[in-house]
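Before any comments, here is the structure.
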Amino acid sequence: MGKLAVLSLSVAALAVLIGERLITLRHLSLYYREPTQNYLPNCHHIEGIECGAEDITILANGLAFLSTCVKHPDLPSYSDDPGKIYTLNLLDSKMKIKAMNVKGDLDKDSFNPHGISLYTDDKDGAIYLFVVNYPQGNSQVEIFRFVEDENALQYIKTIKHELLHNVNDIVAVGTESFYATNDHYFTNEILKSVEPFLSLPWCDVVYYSPQTVQVVAGGFLLANGINISPDKRHLYVSDLLKHKIVVLEIQKNTVLSHVKEVDVGSLCDNIEVDRESGDLWLGCHPNGRNWLLQDPNNPPGSEVIRIENILSEKPKVTQVYADDGSVIIASSVATPYGGKLLIGTVYQKALICDLK
């Protein structure tokens with residue numbers, strides 16, 4: 001066979017491979033799905049949030065913590081200021097956010113918060129906030145102690161480890177221990193883009209404690225949100241590109257065993273768990289095409305999905321809220337409290353609605 005024939009066959013094979021990959025990527029990103037509108041009553045934007053509330057979590061007393069203004073090279077930025085953690089008292093009719101003062105030896109100018117998790121110590125009732133932080137694009141976890149009477153965070157320590165190389169979200173299980181998701185295998189930006197293109201299932205979940213750091217689950221296309229069941233027996237992980245929530249059982253040695261996967265039909269980001277019912281609330285991206293293009297004339301939509309009875313044979317998956325981007329762009333988290341629903345976004349605004 002001549003060189004020209006070999007070259008022609010090679011080019012044809014490459015074209016077929018690229019075509020197949022593009023078709024697969026469009027399926028994974030829900031490229032052709034059109035955002036819809038499914039509104040809740042009495043929705044309004046939370047005043048003071050203009051650069052996103054990527055993650056939101058709420059204490060039992062109704063005090064919400066909001067992680068805001070994350071900076072990412074591939075996303076729009078509506079503020080040049082460092083990221084902040086805000087609180088919002090959902091039992092206060094004024095519904096005003098308050099910026100938290102960060103005390104201690106933390107570089108506040110490079111603070112770039114993403115996923116957050118609260119942990120209450122059974123021994124003394126102390127409340128700790130774990131924050132995924134990206135200073136100068138690095139991946140690390142900050143641990144703070146909540147000083148309630150000052151609405152402040154006392155910096156305790158920074159966690160860095162080679163296994164925590166692309167941390168997206170976190171769930172605290174002790175005063176210095178947590179599970180975390182890595183949303184990419186590679187740290188190089190070019191290689192990161194290759195992962196979804198080739199559908200490499202190399203993302204993982206890492207367990208960290210001062211005594212042990214290990215990968216405890218893998219095989220995710222894009223591991224994103226993570227949270228824990230009220231009885232602390234199961235972890236829930238969002239595999240964003242598979243459009244699934246993966247249920248994992250926590251073993252005595254902290255390793256996780258696979259239980260099941262639940263289809264959600266959307267690109268779901270963070271997971272919040274109702275502490276009473278155990279229901280999962282998901283902030284989701286209904287269409288990855290709009291997310292990738294970031295066209296202001298055709299913005300990414302938003303979607304909130306609820307999963308009831310996830311451990312049963314037939315979990316109930318319900319779309320609670322949906323918008324085509326005209327009200328709120330790129331929802332990343334949704335969490336209920338007292339008949340209200342808070343919806344946060346990666347880089348734009350935050351919304352509060354009445355639940356039907």
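Backbone N, Cα and C atoms are what each Cβ position is placed from, and that goes for glycine too.
For reference, TrEMBL has these:
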- His114: active site, proton acceptor (ACT_SITE)
- Glu54, Asp169: Ca(2+) 2 binding site (BINDING)
- Asp55, Ile116, Asn168, Asn224, Asp269, Asn270: Ca(2+) 1 binding site (BINDING)
- Cys43-Cys353: disulfide bond (DISULFID)
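Proximity of Asn224 (Ca(2+) 1 binding site) to non-local residues of its own chain (separation of 6 or more, Cβ distance below 8 Å) is seen for Asn168, Asp169, Thr181, Asp183, Val237, Ser238, Asp239, Leu240, Cys268, Asp269, Asn270, given in sequence order.
You'll find the Cα of Glu54 (Ca(2+) 2 binding site) roughly 6 Å from the Cα of the residue listed as 'active site, proton acceptor'. Between the C-alpha atoms of the residue listed as 'active site, proton acceptor' and Cys353 (disulfide bond), the distance comes to 23 Å.
Of the listed binding-site residues, namely Glu54, Asp55, Asp269, the sparsest CB environment within 10 A is found at Asp269.
For the recorded Ca(2+) 1 site, residues Asp55, Ile116, Asn168, Asn224, Asp269, Asn270 set the reference point as the centre of their Cβ atoms, and the other residues of that chain within 8 Å of it by Cβ are Glu54, His114, Gly115, Asp169, Gly225, Ile226, Ile271, Gly283, Ser332, Val333. Per-site Cβ counts within 10 Å over the recorded positions Ile116, Cys353 peak at Ile116.
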